[in-house]
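According to TrEMBL, the protein carries these features:
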- 22-47: transmembrane segment (TRANSMEM)
- 107-126: transmembrane segment (TRANSMEM)
- 146-165: transmembrane segment (TRANSMEM)
- 229-249: transmembrane segment (TRANSMEM)
- 269-289: transmembrane segment (TRANSMEM)
- 296-315: transmembrane segment (TRANSMEM)
- 338-480: domain 'RCK N-terminal' (DOMAIN)
- 523-544: region 'Disordered' (REGION)
- 530-544: compositional bias 'Polar residues' (COMPBIAS)
Amino acid sequence: MNLSEELCEATYCGYPDCNDRYWWMFLTSSLATFFFGIGSVFIVRFISRLLCLNHRRPHPGTVPEGSSWCGGICPMNLLDKNAESEMRSMEAAKDWATRLMSAQSRFGRILLITYFCVSMGSYAIYVLDTSKPIERCFPPDGDLLFFIDNIFNFFFLAVFILRFISWNDKFWFWFSVNTQVDIFTIPPTIVALGVSRTWLGLRCLRIMILMQLPEILQLLRVLRTSNGIKLTSLLTIVAGAWLTSAGIYHLVENSGDPWLHFQNSQPLTYGQCIYITVVTMSTVGYGDLTPQTTCGTIFIIFFILGVLAIFASALPEIVEIVGQGSKYSGVYEPVKGKKHIVVCGHITYDSVSNFLKDFLHIDRDVVNVHIVLLDTTDPDLELQALFRRHFTKLRYFQGSVFNPADLQRVKLNESDACLILCNKYSPKPDTEDSGQIMRVISIKNFNPEMRVIVQLIQDHSKTHLMNIPSWNQAYGDDVICIAALKLGFMAQTCLAPGFSTMMANLFAMRSSSEIHIKPVKDDPNERVSETQSVVKNASSPTETYLESPEGWMSHYLHGCGNEIYTESLSRAFDGMNAPEVVKECFTKLKLLLIAVQQTNEFDEAEIIINPGPLLLITQGTVGFFLAPDATEAKRAYYYCRACHGEGVGVEKIWRCECKECACLDNNHSKKYTHKDGHKLLAMTRLGDVHEPAPARSTGGELPELKIKGVNLSESSDHDQPAYDFTGLFHWSPARTVEDALITSAQKRRYLVNHVIVCLFGDELSPLIGIRNFVMPLRASNFKYEDLKTIVFLGNIKYIEREWDKIMNFPKVFVCSGSPLSRADMRNVNVHQSAMCVILSANLGDSIEQGLQDKETILSSLNLKSIMAAGAHSRRSKIIAAYAAESPTRLNGGSIKRSLFTQSSPKITVPMITELVNDINVQFLDDDDEDDPDTELYLTQPFACGTAFAVSVLDSLMSAVSL
């Protein structure tokens, strides 16, 4: 390379010395250092092996006790004492260097941060030197930047030695990224001192320290989230590769090809090189700047194959994280004048949609409440579509309820309540409940006064909530136990068929506006309501009755539109007894008052269902009404005897102008304990306050059936009914499962008017808490002789796991078998039972929806088949009787035709089947229209009380939260 005298002045080397190039000396020093290090490791290991070979190697298993092996080569005790001392010194030095380099120590953290800052300073000096010639001599007045860079490199050399000492495998140490950076930057600096000139070289490699930026930011507590750490790591990798590649490209293009004596160099600034790499990485390639050297062309080829692949793989992840951060991160900003609640736990499309459907119902009149969802997972497409439909009422934030920073982001301290949803279909209910309780602890630890409403699966898990010091139901904390409510509703259905349907419809928010019009399939020109389409498929005495507006489905849907609302009673009712208020509300206000709430002498709220004449209405009494919406319930609050007398329609009962109503708002705010016009879960707060039933009479008892020494009617065990220590439930001495077992040889004729419970669990299945089913049927307000015998049919090993919870309840028996077996169903005398309850098997939500209820559906169809077979057997007996009296008429076929053409009464047994998935209700009745889009409450099995789904309990969360 021939430089003119003017160009030589920039190199400070003078002419013609400026044409001499020493780049090979700088590069050789780095390569020599690398190979010298690797060679030294091999030499040390080779010498160590030779030392071991000079000693007699012991046989396997004969190594003296207490001896150690040096790198797996020879025992320490075979070396001389000096060598042993040296090895122990090396181990001590290694431990010392490891402690210094460890980020766990204060010195190590300071050293790591200092190393990063010094590396960035060295890179800054490199950027300034890129404006100068690639190879130049020292200026006469000295080079301050070179002097500073030398100090930095001596610091890097000290850290290099510490890392070498602390490294376990010295061979792989030479291939680490930090070692490679030090090798190509430190030795050229030492050579520069000897030849009195410097070479820009590969000092751009110092920018690779950016890959340690996430670790440093974590030490400084700047990065705390996984997404932040991942995003920073991706950005630093891309930036490090990008800036390093620009530096190498700057070196080869400004130097030229060595075999052409550097005659084809292209003067480029470092900024232009960064521009070229960015254009190449983005695959745009404008072509305004292209490599002119062969080395530059070869580098671009490898750059495209390597760095471009890194950029292409990292870019989608960066976009995804940034997109998530902009959509589901940030801080919730409360809207002035509007409240908000936080919903966390099991956030899925089904759980959220069921909650929103009831919480945001038009009848609830909730217009000033926002819902904030908090979950750790990314919402799926269904959830995102749900968010868009309710974007004015709903916000989703990605975070953990166990992270106080995330709770602060959703403004939990300013929220009205925190709702924790559970996975009702979890195959491990105890584990699910443990997670729910931990969420409650985290929330209460963040704010002890926060109102928390939590869903639990198992009833026994509620006891753990009482151990939380800040848990207080008096201040609004509440728990909804799925198993207790589900089994309790189904148990009450055994006493009053249809009870579960009635309660589910009262808790759920529905209105007549939800009944849509759709065409009938048979006649496209005819349009009927969805109600009528369901009516036509329901079984009833006559088709005319079904199609008329006065049919049973019309009345059923009218009842579905009513819910339980609470409202403060007007001052006009003060001093009246409860029956008078009930009559006046029903006749004048068209409201059905079912319960009232008053404050006792202990300043505690008490709820009285069906109050008697001794209860007087006082100021501040709250009534529980059955009404279509909250607006109609407000009639009881605005009712004025003077202004709303005879002749005033219910639609005109509203705020009046008299003096008695002027203070309604003040009294309402002071005395009213629940939020205005909102439905409450009254039945969960009613308690079990009742008096034990009187003693049963001793006469007229049923025949006794003894099973292994146990009297089925148990009339000989007690002269008087026995109760537990609370006086709320009937009690009997403890029995074993063997004592309560009904064998197949036992006479079935004594099992009459009993309740059969079909179970599908085995010894490994999660417990469902059958105690919650037995307790309502053994309440002490029932007479002893009115208690229905309960027979559990299922796997005996499963029942044994829960037997200790029910062994003290009377008239409870067990039959080992399968509900899918007709023989086992006949063994428990299913034809004469009062109710057959089919409980689902908890298979989890990981299997196909149609298969989640396969056992219960098959068992239900099996029971119907048994009933049909019984009806056919009865018809055959009638034919045989006629044949004995008149063989001629039988041969003529008149009797057969009359029996088979007319509708003969079927043998039916009331039954209720539990379903996990609502859509499977279509398989329970052949007469149903089998429309999967039909809502559960519009199907015939649910309306008739023969089907119950756990999803109806989702509406309870919205009822309690208000």
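Cβ from N, Cα, C; glycine included.
Within its own chain, the transmembrane segment (22-47) has Cβ neighbours under 8 Å at 71, 73, 134-135, 170-171, 173-174, 183-184, 187-188, 190-192, 195, 197, 199, 201-202, 255, 258, counting only residues six or more beyond its boundaries. Panel annotation: around the transmembrane segment (269-289), residues 127, 130-131, 242-243, 245-247, 249-250, 253, 300, 303-304, 307-308, 311 of the same chain, lying at least six beyond its termini, place a Cβ under 8 Å from a Cβ of the stretch. With a threshold of 8 Å between CB atoms, the same-chain residues lying at least 6 positions outside the transmembrane segment (296-315) that come near it are 234, 237-238, 241-242, 245, 248-249, 252-253, 266, 277, 280-281, 283. With a threshold of 8 Å between CB atoms, the same-chain residues lying at least 6 positions outside the transmembrane segment (107-126) that come near it are 99-101, 145, 148-149, 152-153, 155-156, 159, 185, 200, 203-204, 206-207, 209, 212-213, 215-216, 219-220, 247. Across the domain 'RCK N-terminal' (338-480), DSSP classifies residues as 60 helix, 31 strand, 52 coil.
In the predicted model, residues of the domain 'RCK N-terminal' (338-480) average a pLDDT of 88.
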